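> Quick paste from TrEMBL:
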type	residues	note
MOD_RES	K195	N6-(pyridoxal phosphate)lysine
Amino acid sequence: MNIESRLAQIGSQEDPATGAVSYPIYHATAFRHPRLGQSTGFDYSRTKSPTRAILEAAAAELESGDRGFACSSGMAALQTIFALFSQGDHLIVSLDLYGGTYRLLERIMSRYGVTASYVDTNDMDALEAHCTPGTKAILIETPTNPLMMITDIEKAAAWAKRKGMLTIVDNTLLTPYLQRPIELGADIVIHSATKYLGGHNDVLAGLIVTKGQALSDEMAILHNSIGAVLGPQDSWLLMRGMKTLALRMERHEFNSVKLAEWLKVHPAVEEVYHPALPHHPGHDVQRRQSSGNTGIFSFRMKDARTVEPILRHLRLIAFAESLGGVESLLTYPAVQTHADIPEEIRRRVGVDDRLLRFSVGIEHIDDLIADLGQAIDAALQEIEEA
Ligand SMILES: *Cc1c(COP(=O)(O)O)cnc(C)c1O
């Protein structure tokens, strides 16, 4: 079945008792046992819960994995995955990574003796150079946020496999509609489902999908033991969002490519980072390993003084953190999403005070261009008058 159909039909045939097309929300935390030694398959909702189970099965199928796990946030999902590792273990992590993941590794995991190196995961020499006997896994974000660096998943996963390491891919930005890392050799996929999967800036959630029996069994133990699981109401809300994922991603891509092309030739803009643009260094790999582009991209203004007034003059586009929702949001990574990343690393990847990140929504493209255009014009005028 095509992924569009699978998405639209999540949970629609799972309740034979009533035929409900929208799967019910089961709030129960405890489940009656028919008799000693028997179970309906549900005992206690931290371990398994009916509404969450529908979501988890759908996630596993969409990502071509064996098992799905729904968590209370993307960070909870990452923490659950990191619990696979022990004192002395080392991870190789994408250089331009999500600030929260960096904070979790450096502030929390380091206390347990789990260390990380931040490298360009598309650079095979760099991977080789940072590999130690204790290196257990490689954690890849592709594209990265905000600089949209692309890693060749197949190449990196094959390298990791030869070394006996796990490959973990954060697939938040592209979603299984556009990119399925397990099909390219990854062992674990993680999502901040708060973003595109939920899609409406109204549910905080994370997903893990594992490939292979042993890894799936181990993750089930961690998921249940840590207990950062997603509640039934939020599981339902996430499934409701996922039903329209295919349509939303098509519009996100269309709008983001149009805006990137418009900004590329704007005289006040120095550079645009969008993998759909032919000059982008990851353009070919991204085309090969995914079936389209996300709605996220970044651009660097020529003059840092334009940033503050641009954000102030926006009317339709919101100045806000987060990404992946139907509403367009503009973020200033250096002071918002990436504030936890040390200046040295930020500078190395290029997150500076002239960089803005766009999470392009599904509004009409003409309205988005008009709003950003008037904000840039107003900013330039203020600078000229100052
Ligand atoms: C937002 C985000 C996370 C964290 O997810 P939360 O749902 O906010 O906890 C992890 N990775 C990426 C790429 C993200 O964008």
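Quick reminder: no glycine exception, Cβ is built from N, Cα and C everywhere.
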> In sequence order, which same-chain residues at least six apart have a C-beta under 8 angstroms from K195 (N6-(pyridoxal phosphate)lysine)?
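Same-chain residues close to K195 (N6-(pyridoxal phosphate)lysine) (Cβ under 8 Å, separated by 6 or more) are G74, T172, L173, S322, L323, G324, G325.
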> Please report the DSSP secondary structure of K195 (N6-(pyridoxal phosphate)lysine), reduced to three states.
coil
